[in-house]
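**Student:** Pasting in a structure now, in structure tokens, and then I'll have a few things to ask.
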Amino acid sequence: MTPVLPARRLLLVHAHPDDESINNGATMAKYAAEGAQVTLVTCTLGEEGEIIPPALAHLAADRDDALGPHRIGELAVAMKALGVSDHRFLGGPGRYRDSGMMGAPQNDRPECFWRAEVDDAAAHLAEVVREVRPQVLVTYDPHGGYGHPDHIQAHRVAMRAAELAAEPAYRRDLGDPHQIAKIYWNCVPRSELEEGFARLRAQGDGAPFPRIASAGDVPGVVDDARVTATVDGAGYAEAKAEAMRAHATQIAVDGPFFALSNDLGQPLSAMEHYLLVRGQAVAASGSDRGREDDLFAGVSV
């Protein structure tokens, strides 16, 4: 018997544990609370991540190489904070290893995500698409937001999986083809980011982090005019912050600000922004910028 699916279904594809909470935590919490099916697919365990707490430094790839399993636990706690129950790792936990930063020796490991054949990796995701049948997909832009090989590869795999899942002749054993109605890429409007940096600078000596990031340190920054959708997740700001705190090896959260292992402070925002690249935009009523305020706007449910 075919299970009855929720009316609204959102799929997010991310490279590493923590990417989902930083980029889309408020969006995920909002739609999950409203009864939508929210499915997260994470492509690697993030084994090559830099570790913030000194007490956990032994987990690093060049020591115990145990960061990946630890981050599985962090992600589970984050998903609970966001109210999301459907989370999967692409091809199963550990199928693809974190590739490290672009140009690192880890890029050459045969098991790393960067080295995966796109169609092979996309096959795992197409299976998920055929199963959960999302109307909306969220992932990165072609540059992966900031050029990390796993983010670039996640973009390629997500876009290819959307094509494969919609192809009637592809893997009939996976069920009927499914066309995703709307595809969005994550982005951050430059003006909002600069306003957040200004709030950080205004803290003066009381700033929670010793240094402040710049726009060049933040993935996916775009000119405001390019943003096509903004999800107001203000009611879920604490859920997002709690999810980010769960990723303690990677993120330090202090009030409305956070820093990664580079210790550069940046604003923690529950206003999350997107660029629609497939589908029809339906601007919110009264929007003076012509942006959508709902990723499902115009979608038949």
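Just so you know, glycine gets a Cβ as well, placed from its N, Cα and C.
From Swiss-Prot, here are the annotated features:
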| type | residues | note |
| --- | --- | --- |
| BINDING | His16, Asp19, His151 | Zn(2+) binding site |
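Tell me about the setting of these features in this model.
**Tutor:** Close to His151 (Zn(2+) binding site) in the fold, though at least 6 residues off in sequence, lie Ala15, Asp19, Tyr140, His143, Gly144, Gly145, Pro219, each with a CB less than 8 Å from its CB.
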**Student:** Name them in sequence order: residues not among His16, Asp19, His151 whose Cβ is within 8 Å of the mean position of the Cβ atoms defining the Zn(2+) site.
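**Tutor:** These residues sit around the Zn(2+) site: His14, Ala15, Asp18, Cys43, Thr44, Gly46, Tyr140, Gly144, His148, Asp150, Ala154.
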**Student:** Could you find out if DSSP has His151 (Zn(2+) binding site) as helix, strand or coil?
**Tutor:** helix
